[in-house]
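K.L.:
The structure follows.
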Amino acid sequence: MKVAVDPDPSLVYRPDMGPEAAKDRGSFRNYMSGPLLDRVFTTYKLMHTWQTVDFVRRKHAQFGSFSYKRMTVMEAVDMLDALVDESDPDVDFPNSFHAFQTAEGIRKAHPDKDWFHLAGLLHDLGKVLALAGEPQWAVVGDTFPVGCRPQSSVLFWDSTFQDNPDLQDPLYSTELGMYQPHCGLENVLMSWGHDEYMYQMMKFNKFSLPPEAFYIVRFHSFYPWHTGGDYQQLCDEQDLAMLPWVQEFNKFDLYTKSSDLPDVDKLRPYYQGLIDKYCPGVLHW
């Protein structure tokens, strides 16, 4: 049974394109116009109103025991297909195909880095939160730090935060907020969604992937940082060293999506081998 949820704002303006149109990468992540702009804006308005320090801490407490479900990684990949054909109005193929397309794009460009291939498959698996009943604004879309003033590259930053109670707090409404300068993103409380959930899940289940994979999963939707160049005041040297990996991943997350679907049945044995190597068995979600 399909679960009808609103379009994922992080995917809506990543249309599938033919070879010629694909050359114009400016058409990706177009938030200035388009038939779904009102719906996308509403999603971000809800997100930017209710994603507060208190809300995020409550979500960590709610999901931090990872007692929602027990399943393998490949079972989670298959679960993505229940998330909706309707969640992406530009395409009518299962959501899991994007995971394989991203992974295969990385595999082609970086054939010697199997951990990177697996990160491509894993990156959106935190969207199983939507199947746990979480609202779309607490699962998908671009992420940002809570506990400090949003910076200008946060999407719709100037028109969606007016009702966020943290912005009335004398500490949380400052540039540094509750953080120390260059404290490191590891010590920053990010808005709650599929990135943070999956990162925490990987830690809880002790995935044996390198630190770069954890950074990619946790921060791939943190566009204000890896693309906007903001929040440098919170970054330490480790963050700056990891940034190129997140940016490299982003190329495949954004631009590998197409209607030329991979043969998933042929690909499964390879990726199952990577799962068995880095995160085997039945896991806690």
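Using N, Cα and C of the backbone, Cβ positions are placed for all residues, glycine too.
On a predicted model such as this, the values are computed, not experimentally measured, just so you know.
Here's the feature list from TrEMBL:
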BINDING   Arg29, Asp85, Glu86, Ser87, Lys127, Gly141, Asp142, His220, Ser221  substrate binding site
BINDING   His98, His123, Asp124, Asp253  Fe cation 1 binding site
BINDING   His194, His220  Fe cation 2 binding site
MOD_RES   Ser33  phosphoserine
K.L.:
So which of the binding-site residues is most packed in, judged by how many other Cβ atoms lie within 10 Å of its Cβ, out of Asp124, Asp142, Asp253?
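P.N.:
Most Cβ neighbours within 10 Å: Asp124.
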K.L.:
Give me the count of other Cβ atoms within 10 A of the Cβ belonging to His98 (Fe cation 1 binding site).
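P.N.:
I count 23 other Cβ atoms within 10 Å of it.
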K.L.:
With an 8 Å cut-off on Cβ distance to the His98, His123, Asp124, Asp253 Cβ center, who else from the chain surrounds the Fe cation 1 site?
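P.N.:
Going along the sequence, the neighbours appear as Ala99, Thr102, Gly120, His220.
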K.L.:
Compile a sequence-ordered list of residues in the same chain as His123 (Fe cation 1 binding site), six or more apart from it, whose Cβ lies below 8 A from its Cβ; state 'none' when nothing qualifies.
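P.N.:
His123 (Fe cation 1 binding site) has long-range Cβ partners Ala99, Thr102, Met198, Ile216, Val217, His220, Phe249, Asp253.
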